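Feature annotations, reproduced from TrEMBL:
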type	residues	note
ACT_SITE	Asp151	active site, proton donor/acceptor
BINDING	Asn9, Glu378	Mg(2+) binding site
BINDING	Lys16, His207, Leu208, Gly209, Gly210, Gly211, Asp282, Met283, Arg284, Gly327, Ile328, Gly329, Glu330, Asn331	ATP binding site
BINDING	Arg94	substrate binding site
SITE	His182	site 'Transition state stabilizer'
SITE	Arg240	site 'Transition state stabilizer'
Amino acid sequence: MTDAVLVVNSGSTSLKFAAYAAGADAVPPLLCRGVVDSMTSDPHFIAKAPDGTPIDAHEWGEGQNLGHGRALSFIIQWLEQHEANIKVVAAGHRVVLGGTRFEGPVRITPEVLDYLDGLSAMEPSHQAYNVRGARELAQDFPGLPQVAMFDTSFHRSMPEVAQVYALPAELRDTGVRHWGYHGISYDYISRQVPKYVPDARRVIVAHLGGGASMCAMLDGRSMETTMAFAGLTGLPMATRSGDVPADVLFYLLKTQGHDVASLEKLLYGKSGLLGLSGVTGDMRQLQDSKDPAAVLAVDAFVYAMTKFTGAYAAVLGGLDALVFTAGIGENSPIVRAALCARLEWLGVKLDPAANTANGPRISATDSRVGVFVIPTNEELMIAQHTLALLQTA
Ligand code: ADP
């Protein structure tokens, strides 16, 4: 019998999972991973082996609304029956916002879930669904130990000046602060960096996926990050706008017939690379296109990274290493080369062949700044933290 920890990332209509062996290994081995997509309209389940080979699939049919609880029950039953010797002994959930209360992973209780649900008004895209997955799993499996790990936790090391907005104290006291996101990925990368470049103290990490952000780290701790309050700002992303000044929003509200809901839809769902290109938010398509709007989208993405890299090098007092991760960061030599070309003044010198091969080291031997491609692994981080917390409980 293999005890397993189930890692859960619950979204609004899809639910990703991974199962890791909960043995004595310092790095728990991945058993399988998968997803239930279109959970509320046409649910289908796919499971894959650690090497990505599909191992099973299931469909419920169009018009079915599975919901988080039934999807998770199916996954646990599937794990315990299909992989005949697996017993799910714990679940670890990705939750985006931990608020001021949680600076690290926490054992889930009904009271913890109520607190986390109370933060949903701040972050409209993920928080409520992350909490719903944990709550519905607790209803169906009341004895199963569950842990929440937060994207915001890693950034609580940012100095106070980096966490405050210049707003009156009564607003800051309500939890309006620079939270920062992608913290589970940055946590993982911060533990990997010393393996590649042991002496690097001042490091900038670019997590470039559908959602994209950058983080300035000093000695493995977050000092600054681009995705600020509710995952909208910083770099332009697939469909999220990145930085748009607040005065533009006032203007849109006052003159273009927008209300809060339509503005939210516009900025989260129709902006960023999609808004700039008018065609897609998918970097694979954009970087290969000669269409001027697509070229502008890629340029704007690289330009925003250039600005933040300069600012973060100033925050860190220099730069020892630059790390690329996530879908675009791990797979796009074009985007990496475009950014590195703009950073020559900082001492960045690319090794083109290593860049084409996706690294891991993509800087030339005489580059003052080491540049690396390091694949992220948020699921493993959640599994490790879940097991560690339950072992000490
Ligand atoms: P998510 O944030 O949804 O987890 P990913 O980390 O999977 O996203 O990243 C998705 C992004 O990575 C998409 O924009 C996709 O086009 C991009 N991407 C994946 N492979 C490549 C590639 N070979 N070249 C350029 N971009 C890529």
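Each position is counted from 1, following the chain as shown.
Positions of Cβ are set from backbone N, Cα and C atoms, glycine also.
Here the structure is a predicted model, which means the values were calculated and not measured.
Of the candidate binding-site residues, Lys16, Gly210, Glu378, the one lying closest to Arg240 (site 'Transition state stabilizer') when CA atoms are compared is Gly210. For the pair Ile328 (ATP binding site) and His182 (site 'Transition state stabilizer'), the Cα-Cα distance reads 15 Å. By neighbour count, meaning other C-beta atoms within 10 Å, the densest spot among the recorded positions Asp151, Asp282, Glu330, Glu378 is Asp151. Using a 10 Å Cα-Cα cut-off from Asn9 (Mg(2+) binding site), the recorded positions that qualify among Lys16, His182, Asp282 are Lys16. For the recorded positions given as Lys16, Arg94, His182, Arg240, Arg284, the lowest number of other CB atoms within 10 Å of the residue's CB is seen at Arg284. Leu208 (ATP binding site) sits 15 Å from the residue listed as 'active site, proton donor/acceptor', taking the C-alpha atoms as the reference points. Between the alpha carbons (Cα) of Asp151 (active site, proton donor/acceptor) and Glu330 (ATP binding site) lies a span of roughly 20 Å. On the backbone, the CA of Gly210 (ATP binding site) and the CA of His182 (site 'Transition state stabilizer') stand 12 Å apart. Proximity of the recorded positions (Asp151, Gly210, Asp282, Arg284, Ile328) to ligand 1: a Cβ under 6 Å from the molecule is found for Gly210, Asp282, Arg284, Ile328. DSSP assigns Lys16 (ATP binding site) to a strand segment in the three-state reduction. The full span of the recorded ATP binding residues, Lys16, His207, Leu208, Gly209, Gly210, Gly211, Asp282, Met283, Arg284, Gly327, Ile328, Gly329, Glu330, Asn331, taken as their largest Cα to Cα distance, is 22 Å. The subset of binding-site residues (Arg284, Glu330, Glu378) lying with their Cα within 10 Å of the Cα of the residue listed as 'substrate binding site' consists of Glu378, given in sequence order.
Packing around Ile328 (ATP binding site) is summarised by its Cβ count: 25 other Cβ atoms lie within 10 angstroms of its Cβ, all protein chains included. Proximity to His182 (site 'Transition state stabilizer'), judged by a C-alpha distance within 10 Å, picks out Glu378 from the binding-site residues Lys16, Asp282, Arg284, Glu330, Glu378. Sorted by the number of other CB atoms within 10 A, the binding-site residues Asn9, Leu208, Gly210 start with Gly210, the lowest.
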